[in-house]
Amino acid sequence: MIEADRLIAASGRDREEVQDRAIRPLRLDEYIGQPVVREQMALFIQAARGRNESLDHTLIFGPPGLGKTTLANIIAQEMGVSVKSTSGPILERPGDLAAMLTNLEPHDVLFIDEIHRLSPVVEEVLYPAMEDFQLDIMIGEGPAARSIKLDLPPFTLVGATTRAGMLTNPLRDRFGIVQRLEFYSDKDLATIVSRSANILGLVIEDQGAYEIARRARGTPRIANRLLRRVRDYAEVRGKGQITKAVADLALNLLDVDERGFDHSDRRLLLTMIEKFDGGPVGVDNLAAAISEERHTIEDVLEPYLIQQGYIMRTPRGRVVTRHAYLHFGLNVPGRLGEGADFSEAGDE
């Protein structure tokens, strides 16, 4: 199974990137949710503009689909400068990074997505650029090689990552501002869905927006994707209006249940319950039982189920919690009662 194949995948798709540009907020006052991040960034941006300086280098991290790219573009808009965008895997050689840095205007924003995937040799070039606004370039080869320094205009590097722990300490320490994006509340997601529907010219009721929001796994990207699919259903079977009933019918047809689980999520949970008595079960045994790769379970299926409290990792393997039994209307085993002891829970 490929993550991008799932309707509820948090990772982006090329076609969606184009579609999302039309509904992406451009200013902080249009940015919904993340109140602490929004207030802090408004303060930092106002201060930097008041001093006529570049904003400090900013690291944005959090799960995929929460708006890291959107926030980077908003920073550039609020600073009144241009943004140049790239990603860690694309910058294969120092020359690739040097070409982008030398084309920046004063105070511009350089946005690097998946910054944790920068190669070490490229990262070394980035250090003096971030710290001293200088670029060290080697001219020539062998004994005749020499290093020259090029001055760069002051700029703001905005790095985005889903895996902040994979950043090297020297790179992490060079960011003056670090922001973590959290999963969104259903209320904020419903506001995002209503806003997107309005931009797309759709008729949507508040309850219809909330029905989509509560199945979107706390992620705006998923909420907007579900909105587009519910729109298709509404146009064909619902007279073009998205009500709670229409959203419910559409999402049930799309196999996204009231908790935002799809077939793959439910199959994993039911396999653990029915074949392994709720666990503990090792991830390799679980992978064999559902015919999936180990990394698919660890990287694609498990994170949301763990975050929602349906699965726990213990020293002896994975176990389902009482919430999984309740979700399927099954009797909760006595060992998983209200006073169940998970004191030994941890990473397998």
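Backbone N, Cα and C atoms are what each Cβ position is placed from, and that goes for glycine too.
Binding of ATP is annotated in Swiss-Prot for Ile23, Arg24, Gly65, Lys68, Thr69, Thr70, Glu131, Asp132, Phe133, Tyr184, Arg221; the matching candidate from Arg172, Arg174, Arg229, Arg231 at the same site is Arg174.
Put simply, of the binding-site residues Arg294, Arg313, Arg318, the one whose Cα is nearest the Cα of Tyr184 (ATP binding site) is Arg313. The secondary structure of Arg318 (DNA binding site), as reduced to three states from DSSP, is extended strand. Residue environment of Glu131 (ATP binding site) contains 12 other Cβ atoms, counted within 10 Å of its Cβ in all protein chains.
Calculated from their C-alpha atoms, the gap between Gly65 (ATP binding site) and Arg294 (DNA binding site) amounts to 23 Å. Here the Cα atom of Arg318 (DNA binding site) is found 34 Å from that of Thr69 (ATP binding site). Spatial neighbours are here defined as Cα atoms within 10 angstroms of one another, and by that definition Arg294 (DNA binding site) has no neighbours among the binding-site residues Ile23, Thr69, Glu131, Phe133.
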